[in-house]
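Undergrad: Starting off with a structure, shown below.
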Amino acid sequence: MTEFNDTQQQLSRFRLRVAAAGVFVFVCFGLLASRFFYLQLWQHGKYALQAEENRISVAPIVPNRGIITDRNGVVLAKNYSAYTLEITPSKLTDTLENTIDKLATIVQIDARDRRRFKKLQEDSKNFESLPIRTRLTDDEVARFTAQRFLFPGVDVRARLFRQYPLGTTAAHVIGYIGRISKRDQDRIDAMSDDNDSDPEHYDPRRDANNYKGTDYVGKIGVEQSYETELHGLTGFEEVEVTAGGRPVRTLSRTQATPGNNLVLSLDIGLQQIAEQAFAGKRGALVAIEPKTGDVLAFVSSPSFDPNSFVDGIDQQTWDELNNSPDKPLLNRPLHGTYPPGSTYKPFMALAGLTLGKRTPSWGIQDPGYFTFGGHTFRNDVRAGQGFVDMNKAIMVSNDTYFYMLARDLGVNAIANFMKPFGFGQITGIDIQGEARGILPSPDWKRKTFKKAAQQKWFDGETISLGIGQGYNSFTILQLAHATATLANDGVVMKPHLVKEVEDPISRGRHLTVPKESDTIPLKQGDIDVVKRGMENVIENPSGTAYKVFRGAPYLAAGKTGTAQVFSLQGGNYKGHLLAEHLRDHALFIAYAPVDHPQIALALIVENGGWGAQSAGPIARRVLDFYLVERQKPENEAAAVAAAASATEPINAPVIGDASKAITVAAGFKMLPQPVVPGAASAAEAASGASTPGANPASGANAAELSAPVTASAAAPAAASMPPFRRMPHRPHKPAGEAQPFAAAPRNDNRAAPTAKAADAGTAH
């Protein structure tokens with residue numbers, strides 16, 4: 001009986017175990033069935049898509065970047081294709097150094113390639129493919145391909161590269177492209193977010209997806225500012241691949257749309273002439289077409305070769321450029337700010353006329369200095385320059401006249417008048433990074449300085465503004481823009497560098513030239529008075545730029561300028577004895593021809609000394625080429641040849657022979673060369689000039705400068721004087737006849753460093 005009970009118990013336990021096992025198996029099958037149901041029904045679409053993606057590879061097709069040409073069709077930036085040897089560090093099975101050493105036995109890899117790769121690696125992610133060698137030869141490609149299996153993580157790729165055929169020419173305008181950095185990617189993402197937030201104006205070129213597969217973007221200049229125009233639209237290719245990733249067939253292809261081509265307003269022949277004129281000098285020049293705002297030349301000297309940045313610049317070359325005392329990477333016309341010196345005087349004169357503080361005939365008997373609050377502001381000619389009215393003040397660059405004018409106008413009136421001309425304002429030119437400069441005013445000083453004692457504007461600080469010194473600090477672009485506005489009789493045209501945008505497929509073009517942005521309310525009679533003074537700077541033997549432009553076959557107007565770098569305390573200015581970086585800056589503004597201005601320019605030669613000697617010949621060379629010798633080039637080679645053939649020594653600005661027929665652009669009058677028998681030496685002796693004054697506060701007590709005025713230069717309330725005759729419109733009289741003004745030593749651009757500095761640091 002006991003045995004029977006034991007058997008029953010064992011059978012019961014067995015059945016229980018079988019039941020439990022059955023339940024367990026049932027539950028497992030249920031779970032498997034439910035999972036199968038979930039995957040096959042609920043998640044079918046997801047996994048079908050993933051399977052399709054494993055079978056199909058979608059690769060972006062990077063568009064061709066648009067080319068850049070000058071106004072005559074000369075190519076300034078273009079593309080070319082080449083093979084590159086690239087390394088993806090995350091895929092290497094050996095160390096990076098060993099891999100590069102082994103590769104160097106197959107293809108040439110020099111020290112510069114290694115340095116450049118190291119810098120690229122520091123700025124990139126580990127999984128990115130980075131070029132160790134660019135522009136491989138066919139033999140190098142063949143040698144590597146034969147041993148490709150030895151180098152996992154290394155491959156040869158076909159790439160499009162950017163080339164700048166003219167090298168350093170206009171480098172600061174054109175700019176360059178470089179690999180996309182984190183900052184660039186952040187900027188692209190931000191641009192894409194802004195684009196998505198405005199569906200009505202959605203632009204596919206501004207979408208972050210448009211940069212899939214793109215390694216390079218514009219970094220500076222036009223390449224950066226017109227990135228979306230130049231980049232184009234990325235295409236896509238769907239390719240069926242095996243499990244190992246090998247392509248089987250192309251399923252579909254959306255072609256990339258190449259970027260738009262840009263036609264710049266630059267005349268590259270003129271640009272090269274201007275750059276050659278600056279050879280060995282630091283400085284800047286901007287030339288503008290007054291009627292349109294077209295920037296014809298935009299020079300920053302010294303320059304750099306943008307081709308160095310395309311492949312990725314190595315650290316050594318970067319350090320050499322970045323640490324050079326000449327700062328070749330600095331865009332001087334756009335970023336550099338300088339005191340305008342005496343080039344500011346025509347605008348001061350126009351302010352005096354417009355605001356009713358001066359008439360053309362109002363004048364002073366110049367004693368050679370001006371006393372204000374116990375401080376003496378010196379004129380460059382210590383003995384004085386006799387009777388000086390507005391015409392003569394501009395022509396000989398008399399300081400005393402403009403000291404008094406600044407006092408009578410006051411700082412707020414000066415600032416308000418100069419603002420519409422663009423001084424201390426963003427011009428809106430179509431490249432990024434423009435500096436605002438400083439148009440001084442009491443409000444500006446309060447915002448700039450922290451200490452209460454420094455925030456107060458003293459009346460004496462206004463005096464130096466009259467001669468373009470003090471706190472005045474403007475870009476050469478602003479000075480050229482203001483000169484173009486004056487030449488255009490107060491009609492303001494926004495300067496621009498891109499003239500047209502061309503569709504590379506249809507070849508259709510649309511203009512980017514802006515309309516006039518404003519018209520300054522000026523009286524034509526007042527403008528004519530100032531222009532006449534500027535004409536006499538160049539055309540009258542007493543003018544500060546007469547020697548430089550003598551014999552020019554066109555009529556020009558201009559103004560010399562010299563801006564102090566430091567304040568000389570109570571001594572004679574002797575530039576040749578000073579360290580080069582302490583010498584005065586030389587400036588020049590001009591426009592021509594005077595009746596129908598086609599070009600206006602402003603330039604500076606840093607530490608060049610006197611404006612007439614250093615800056616004037618550069619202006620003459622530029623105007624000679626543009627108005628006389630310029631030939632419209634048919635192609636790049638013609639433009640380069642034309643530029644090269646138009647050069648002249650800097651000390652011989654007159655182009656061509658007097659007895660040789662020359663071609664003059666339509667609308668220009670051939671003027672008789674002024675011949676004054678026996679007067680050449682007198683005219684040459686009169687070519688001396690000056691240096692403008694520095695901030696008088698540098699050497700005088702602020703309280704003294706704010707004291708009441710004591711005018712040592714007595715100015716008659718109304719001075720009667722015969723009107724000044726425009727010299728270029730008639731032959732010069734024989735030497736025995738009196739000229740309207742004697743050829744006296746002039747204030748601007750001294751021929752010899754004999755002028756004394758002001759007692760309290762104002763050298764003028």
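Just so you know, glycine gets a Cβ as well, placed from its N, Cα and C.
Note: TrEMBL annotation is automatic and uncurated.
OK, TrEMBL features for this one:
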type	residues	note
TRANSMEM	18-38	transmembrane segment
DOMAIN	61-251	domain 'Penicillin-binding protein dimerisation'
REGION	189-210	region 'Disordered'
COMPBIAS	198-209	compositional bias 'Basic and acidic residues'
DOMAIN	283-623	domain 'Penicillin-binding protein transpeptidase'
ACT_SITE	Ser342	active site, acyl-ester intermediate
REGION	717-764	region 'Disordered'
COMPBIAS	742-764	compositional bias 'Low complexity'
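Give me the structural setting of these features: burial, nearby parts and distances.
TA: Mean model confidence of the domain 'Penicillin-binding protein dimerisation' (61-251) amounts to 86 (pLDDT, 0 to 100 scale).
Distant neighbours of the region 'Disordered' (189-210): 228-229, 231-234; these residues of the same chain sit at least 6 beyond its ends, with a Cβ under 8 Å from one of its Cβ atoms.
Classification of Ser342 (active site, acyl-ester intermediate) by DSSP places it within a helix.
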Undergrad: Using DSSP, what is the helix/strand/coil residue split across the compositional bias 'Basic and acidic residues' (198-209)?
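TA: DSSP classes over the compositional bias 'Basic and acidic residues' (198-209) add up to 8 helix, 0 strand, 4 coil.
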